């Protein structure tokens, strides 16, 4: 099945609803993907890219239903990766002499994958053109390391369509092809996820390359990507976002992620987040347990954040393996303009937090002081965690924060509280958190002045998330 893109340009690609892993298992494609191939029929017939190798036979069969394969005059390969050029072997078996236009680096990559040096390769460079008839040309622009050395884009004059390769794409599968037809929230979430996890290491190249392309002074009516939607409605909006994301992007956001063996490091993470929120309630704080969270969502949040707090238990004197792996990925992504702090719990010996701090610094983060706790944090240790969060909130603030002062209740209010018999304070037997009836627990809609007997049965301890049955009367108040 083909879809009309514009005039004599048709999409002849392949949707992949089921794919959930990309680049091995390193990128989770939770919304599937598509492999976009385009057929141009002017006086010359041109095929731009193919599809993933697992769809090779299906792709060639579908293409044959659109055009006699022998009538294809040129094949353009913007990128040699297997999800772009994977069907070349199947296709070239039918039309072995058809010229393949690509960069010099692409020849090496294509031969490395397909092992056919006898194919009719034509090397192109930035500014080279190919006449396709009817007064139209293809103009080639090399884009090395966006995101492979062989990458290039192809611009079609007349119709003003930029075939942008991986740039401006997203792993997003939908029955509809164009950006104005799909769910906008989903689309832009996947665009940012794609940039954060794939293109971030090359951000320093994005702005000059976009500037170079704009320097050709060519109109762009559509951007036809290699994955996801074709941008036809205000196509330059995604270009503007790329320029923004490439400029050491950050939001007023802090990401906390951790791994834990006995919930101790999780308790620290929660307390740190509480401290941040006390001082700066406007900053967005997201907490992830790496053992239970989508790794690419965590990395996307790190990309969006001004800073990250990373927590780990100590195991065999080193950090937890999932934390080590994720920090290694952050090193490769080369995030810029971000701060970091390490924290974690240990038992008879430590080592993980110091090792983690060193790794984060090596990854390019500006480091703040780390925080350690021995065994399960008690009330004093949890208060130190909250104070650490307060300190971090002030150190990482994008603008000066107002000083907070402890509000003193009016005398008559104090008298009323003392006079009222609210019952004893209750202490969680697992994490030692204390419920004070005078303060309640506003985050769970338990108002100040609520005795324990009136607290709803679905109440959960804010520190360890266990229910009311693990609470006992505070020892100092037990009679």
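The chain as shown is numbered from 1 upward.
Each residue, glycine too, has its Cβ placed from N, Cα and C.
Listed features, source Swiss-Prot:
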type    : residues           : note
REGION  : 30-210             : region 'Zinc metallo-hydrolase'
BINDING : 79, 81, 147, 166   : Fe cation 1 binding site
BINDING : 83, 166, 227       : Fe cation 2 binding site
DOMAIN  : 254-393            : domain 'Flavodoxin-like'
BINDING : 260-264, 342-369   : FMN binding site
DOMAIN  : 423-474            : domain 'Rubredoxin-like'
BINDING : 428, 431, 461, 464 : Fe cation 3 binding site
Among the binding-site residues listed here (260, 347, 357, 461, 464), which has the Cα closest to the Cα of residue 166 (Fe cation 1 binding site)?
357
Would you mind ranking the binding-site residues 367, 461, 464 by how many other Cβ atoms sit within 10 Å of each Cβ and giving me the lowest?
367
Excluding its own, the Cβ atoms lying within 10 Å of the Cβ of residue 81 (Fe cation 1 binding site) add up to 21
Listed in sequence order, residues with CB under 8 A of residue 227 (Fe cation 2 binding site) and six or more positions away
33, 34, 35, 36, 83, 166, 169, 170, 171, 172, 194
By CA-CA distance, flag whichever of 81, 147, 347, 357 among the binding-site residues is nearest to residue 461 (Fe cation 3 binding site).
347
Given the binding-site residues 79, 147, which one's Cβ is surrounded by the fewest other Cβ atoms within 10 Å?
147
Any idea what the Cα distance is from residue 357 (FMN binding site) over to residue 79 (Fe cation 1 binding site), rounded to a whole Å?
38
Using a 10 Å cut-off on Cβ-Cβ distances across all protein chains shown, tell me which of the binding-site residues (83, 362) has the largest neighbour count.
83
